[in-house]
Every structure is written in structure tokens, then in C-alpha cells.
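Down below is the structure, laid out as C-alpha cells.
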Amino acid sequence: MKQHAIPQNVLDVEFKLFTKFTLKEFSYLAIGVGFGGLILYLTVGKQIPGVIGIPIFIMSSLAGIFLALVPINDQPADKFIQNYIKAITSPTQRAWISRNDPRSRMKPGVKPTEEGELISKESKEKKKKIIGAQPLPTMSEDIESEMQKEVDKEFEDIDKTTPLTLNPSELIITEENISKYQFKANGFDNYPGNINLWICDKNYKPISGVIATLVDDSGNILYANKTGNNGYFLTNRKWKPGLYKITLESEGFTLPKVNIILSGKETNLPIKISAL
């Protein structure tokens, strides 16, 4: 008799109570509203001050309803939050190191030739091998200064006395107009990603600490990172042709939404995005 496949992770099975309402969603709703109800009961009994109890009741109930019933980008709210945190905190490059097998010490140090003589094996220098892609090159201060010089040179002919025209709140960058946003910068031929942004203010000064999130056309988070002191947002791979959306969040600056339609013919040069 053919055996049935055994599920590898029973916790991933969704138990539906009715229609699409799962047991996990009901648990979120019950815990949030139940805890809020307990706080409200203690507040009515004057065991907890109303100034503290009422806000806790409202926040707990709303959190339970939000996690149970509100989807984000066609995903459950808890799954979206997990993916977002994972994209922000997880490393973008991994390397696997091959370790020497300790049992190799037990192998004989000699081998026979065709004539039957025993000769010693050639000692090979033991080195750790890195399996996988090369790590992203680190950007030294010299490279940063060179990039900044390239940026300054690119925009030195612009009349600074003329007021800058505000960018639209949502940019659509295609193969036809990408040359208007890209600029020449040294060192980008060695970077693996083909979606690279340089984020600046109206005076062409880089903006650091911008949270940039790259999603696909379906709304799934593909990559997220913060810009450094040089204002660059660099991705870690060659993205396939298609539509990609980038949201930019920064304190003190209003930044446009970026839509990039890749055709597969783009270069790795950075795309300049100015604050509104």
C-alpha cells in the first residue's frame, strides 16, 4: 500500500472555523478583545485608573481586530509584519564554508604506484573554500568621495539660482526615460544589483537613514535596507524584467514613490531620486 506523505510542519496547517476565518485569526481576535475586556472590567471596578485602562482597552481590541481581519497587500497582517521585519534585519548575502573532514587524518599518507612502490602523497595546503557568491564590496571612504565627486561633476552645470521643479509624487521609470535619472559613477560595474538609487535633497546633498523597500508587482517584499551617509540604496542581485515598486520613508523629507519597469537592458548605474 502506498503511504501518504507526512506533513513536515503541523503548525503551518490552517484550521478553518467557517468560510475563510481560521483558528489563528480567531485566536488573535479573542486574545485582543478578551484582554481589552479584562482591562475594561478592572477599570469599571476602579482597580485601574480610567486614564490608563481606557487607552489599553482600545489599543488591545484594535490590535486583535487588525491582526485577525485586516489584510495587507493580499497577505495576513501578521505575515506581512514578519516578512517586513525579516527583510529589514536579515543579511543580504550568505556564504557557506566547507570544513575539513576530521576522518581524513585516518587515511594513509602513502599511495602505491603502478610498479608497486609506495610514495608519499603530496601535501596540499589546507584552505577554507567559500562556496557561493562573492560578498558585496564594501564602500571605503575613498570610493565614497570619488562617487560624491562624480555626482558633483554631473550637476555642476545646473543653475542653482533657478528654483528646482518639484518631482511628481510618483515616478515611472522605463527604458525610454531611465537615462534622464541615471548618472555616471565609478565602481558600479562590480555591484550585483541592477536597481540602485541615490537619494538626495533639493540641493543634491545625500540623505542618510532613508528606509527603502522594494516590492514586486504583487506587493511582496523583495528587499529592504537603509541608506548610508552617502545616500545610496544598493540592491543585491539582478532583477528580472518586470514592474518593481520602491517606497522611501525619511524623517524631515518627502520622497516620491518610484515605479521601475525593467526590460533587461539596463545598466547598474545609480538612479537619482530627489526629495519633493
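Cβ atoms here come from the backbone N, Cα and C positions, even for glycine.
Per TrEMBL, transmembrane segment is recorded for 26-44 (among others).
The transmembrane segment annotation in TrEMBL covers 51-72 (among others). Within its own chain, the transmembrane segment (51-72) is flanked in space by residues 25-26, 28-37, 39-40, 42-43, 78, 80, which lie at least six positions past its ends and keep a Cβ under 8 Å from the stretch.
The region 'Disordered' feature in TrEMBL is assigned to 100-121.
Summarising the annotation, TrEMBL assigns compositional bias 'Basic and acidic residues' to 112-121.
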Note = The answer for the transmembrane segment (26-44), taking Cβ pairs under 8 Å and residues 6+ beyond its ends, is 17, 50, 52-54, 56-65, 67-69, 78
